[in-house]
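Below: the structure, in structure tokens.
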């Protein structure tokens, strides 16, 4: 195992799930099904939000961004994993690995921030219903979306730059894609300073948004509890329940992976947790929103020719 840095053009071997050969065929079939459902479900959300006038609202504007992000960052990892599981090619170039890391970090970081915008939208809808349309105006919605994308790109540039500055040892990556904790494990040098900088970046992208989302839902819960009718309460909680499920799935797995110290990071467990937030969560997002949302279900039936034009 030699040492190398960004000045050389070495390749990595993605170990993937080679340690569990009996699982590879089963995983291939399951992941292929999940990936197909992810593509279909998220594409459907984007198309519905674009075509149906009932979905031309801030909530669905952000939801279409979320679906696009899920499509892209799943596609940045899953095709490579499927090739790996079939045993066709387990290598990836250094440049390809860094590119995958940058793209994945940018998209995942953007999703963290988009979820904050969605929480603010629900806060405005529930806590300030009379002023909702003036608060969530198109200019603010576009500004929140652009800020989320820019913030995600900046975070990815910073963390990818830190990785490229490290000297790495070894050519084997005990994972199915190029993820940040694995690079830190491969470092030939003391990474304490790098880890500290990355921890700050992760706190800004993961912890701060999670706190903001939690705070918004505390205010939402207080507002909902003041509603006298049970029907009103159910409607208010229904509009927010789907978002809370998405947040719990995404942030729970992300915080587990990125906020624990590198020396405590288990590569074997990390692979299975990564399956959750790279494959399972993006697949469930469209189901959560369509099964729990009357507007989306109505738009879907209309698209299929089984609904009416009534709002």
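From the backbone N, Cα and C atoms, a Cβ is placed for every residue, glycine too.
With a threshold of 8 Å between CB atoms, the same-chain residues lying at least 6 positions outside the transmembrane segment (25-48) that come near it are 17, 55, 60, 63-64, 67-68, 70-71, 74, 78, 81-82, 85-86, 275, 279-280, 282-283, 285-287, 289-290, 296, 299-300, 303. The feature transmembrane segment is assigned by TrEMBL to 25-48 (among others).
For the domain 'G-protein coupled receptors family 1 profile' (41-289), the predicted model reports an average pLDDT of 86. What TrEMBL records for 41-289 is domain 'G-protein coupled receptors family 1 profile'.
As annotated by TrEMBL, transmembrane segment applies to 60-78 (among others).
Sequence annotations record features per position, and here TrEMBL assigns transmembrane segment to 98-118 (among others).
According to TrEMBL, the feature transmembrane segment maps to 139-158 (among others).
Among the features that TrEMBL reports, transmembrane segment is placed at 199-225 (among others).
Among the features that TrEMBL reports, transmembrane segment is placed at 237-259 (among others).
Residues annotated as transmembrane segment in TrEMBL: 271-291 (among others). Long-range contacts of the transmembrane segment (271-291) within the same chain: residues 16-17, 31, 34-35, 37-38, 41-42, 44-45, 63, 66-67, 70-71, 73-74, 77-78, 108, 174-177, 179, 242, 245-246, 249-250, 253-254, 256-257, 297, 300, each at least 6 residues beyond the stretch ends and with a Cβ under 8 Å from a Cβ of the stretch.
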Task: Long-range neighbours of the transmembrane segment (60-78), counting only residues six or more past its ends (CB under 8 A) - done: 31, 35, 38-39, 41-43, 45-46, 48-50, 100, 103-104, 107-108, 110-111, 114-115, 117-118, 121, 141, 144-145, 148, 176-177, 246, 278-279, 281-282, 285-286, 289, 295-296
